[in-house]
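Chemist: Among the features that TrEMBL reports, transmembrane segment is placed at B:7-30, B:50-80, B:92-115, B:145-163, B:191-212, B:272-289.
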Amino acid sequence: MLSLNNVEVVYDGVILVLKGVSITVGQGTITTLLGANGAGKTTTLKAISGVLRSERGEVTKGAVELNGRRIDGMQAFDVTRLGLAQVFEGRRVFEHLTTEENLVAGGHIRPDMREVRETIELVYGYFPRLRERRYQQSGYLSGGEQQMLAIGRALMSRPKVILLDEPSLGLAPMLVEEIFGIVRKLVQNENLTVLLVEQNATLALEIADHGYVMENGRIVLEGSAAKLRDNADIKEFYLGLNEVGSRKSYRDVKHYKRRKRWLS
Amino acid sequence: MEWEFTLLLLVNGILIGLMYALIALGFVLVYKATDAINFAQGEFVMSAGIIAAVVVAASTSFFLGVVVALAAMVLFSFLLERVMLRPLLGRPIVAVIMATIGLAALLRGLLPLVFGAGTRPISLPEFIGEEPIALGPVMLQPVQLVGAGVSILFLAGFSWFFLKSRMGIAMRAVADNQQVAMAMGINVERYFALAWAMAGIVSALGGVVWGSMLGVDVHLALVGLKVFPVVILGGLDSIIGAVVGGLIIGIVENLAAGYIDPYVGGGTKDFAPYVVMIIALMIRPYGIFGKRKIERV
Ligand SMILES: Nc1ncnc2c1ncn2[C@@H]1O[C@H](COP(=O)(O)OP(=O)(O)OP(=O)(O)O)[C@@H](O)[C@H]1O
Ligand SMILES: [Mg+2]
């Protein structure tokens, strides 16, 4: 469905961030991409969706293919038309637009307004809370509601593949569970394929079929979610460390050690 | 007599204010969608006025003049975005500001050179007439009424476009976050071009309206100077703000001219709006309707 083959990404012509990344995402599956801060996860997603260029980044080697079609080098708004949607890290709703206007903007590529209305209803079906907030300025929604809106907005173009960038960021565990549950339902009911970037490895490996671990611009570990759950390194550094506050600092301290181990 | 004088000043201020709002709208459209600050808005208006005056004089058809001015300004704005501003995308905002200031000087120098520096009239079609129209105790110039009418029409049209149409929503999405808008399948550059084209339309209308009121020469560009108090007051990115700001500046200007000029010998019209602007900046730097950065997680 979606594949990256030995992809290299350079920012500003000199900063090499991805150093030959290969990832395959199978049709109808959830694949998760794990890794520490600055590993290059978001960059990977941006390389797929094509928004990299607006940050002066470029795929300099390798290929990104969607359904056998090369999409690296394409403009982001054209990639969207091929059935790919990205949910950005930090939600990035259009703050000054209402909830419903955000959804209308998400359905931009679909000319028939009746279909857009139908999809809005579909989104409200999955996220009833958005319906209650439909005429509110989205900048004032709660973090959880904004995340729901960001996912709903991505659904508006009726994509086949969705890239999800840290949907759990800054949300209470209960809410994260709820949102992940809905994502799983979406994959089943709407025939979606998901590439999920996460820091919360426990949850990610719970709903994913397959996983990759990224370090410093390279894939260092790959396997089925079940296999990764049992992996000693993952266990040590991700699982069981779920308090949001302590996680980051702990990880930073251990960063060097872990990297060495995965590379050896 | 006193209240009639005040009423006259107020009504005049409202009519003039609507026409300021029309020009300010061009500025707001561009700023809202592309973040560019167009310091040549007044020169756009002047250019449109000159083109309209030349065509009306040559063809004796007012409407042909309007159509040519519209077409010329849309084309001009469109090309401007393509050739001059697009390469500046992603550069510091100062680069764009300097570019438009340079453009303003260029237009002020070039157009009189090509078309002559004399003041030209834009004569309105005959059916509009020149007899002042009495509205109760107030006498109004037909030119002003037409100008205000056109302004209301287009202000309403553009408001609808922005608030209700799908393209308007997409344009606001672009204004909010270009990268995310792009990922929604919105061709951001096309919307930039559209915003400039709309600024061109508004400038053309402003040029005809103001030109037929004041006559057309280089000084018509000075109308653009009033845009800044208007948009600072109303909010740089708000259409409603442009209307309210325009009305306030129009009224303030007229009241100042009516009540203070007799004591100081004239000229208050030109700086009163700026006094209001400075006060507005101190109290509400983002304007009455400008968007505040939303502060939350
Ligand atoms: N626009 C850019 N220009 C230059 N360098 C960049 C740019 N964006 C990201 N980088 C660099 O690329 C590296 C990877 O960043 P990226 O955002 O992909 O990491 P990430 O894995 O998503 O991290 P996090 O978990 O913190 O979101 C970082 O070192 C970052 O500084
Ligand atoms: Mg990231």
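For all residues, glycine too, the Cβ spot is worked out from N, Cα and C.
TrEMBL labels come from automatic prediction, so no person has curated them.
Could you place these features in context, so I can see how deep they sit and what lies close by?
Modeler: Within the chain, the transmembrane segment (B:92-115) has long-range Cβ neighbours (under 8 A, six or more residues past its boundaries) at 35-40, 42-44, 46-47, 50, 54, 80, 84-85, 217-218, 221.
Under 8 Å from some Cβ of the transmembrane segment (B:191-212) lie the Cβ atoms of residues 19, 22-23, 25-27, 29-30, 32-34, 38, 41, 44-53, 65-66, 69-70, 72-78, 80-82, 85-86, 121-124, 143, 146-147, 150-151, 154, 158, 167, 170-171, 174, 181, 220, 223, all in the same chain and six or more residues away from its ends.
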Chemist: Could you pull out which residues elsewhere in the chain have a CB under 8 Å from any CB of the transmembrane segment (B:7-30), counting only those six or more residues past its ends?
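Modeler: 36-38, 41-42, 44-45, 135-140, 144-145, 147-148, 150-152, 154-155, 158, 195-196, 198-200, 202-203, 205-206, 209-210, 213, 223-224, 226-227, 230-231, 234, 236-239, 241-243, 245-255, 257-259.
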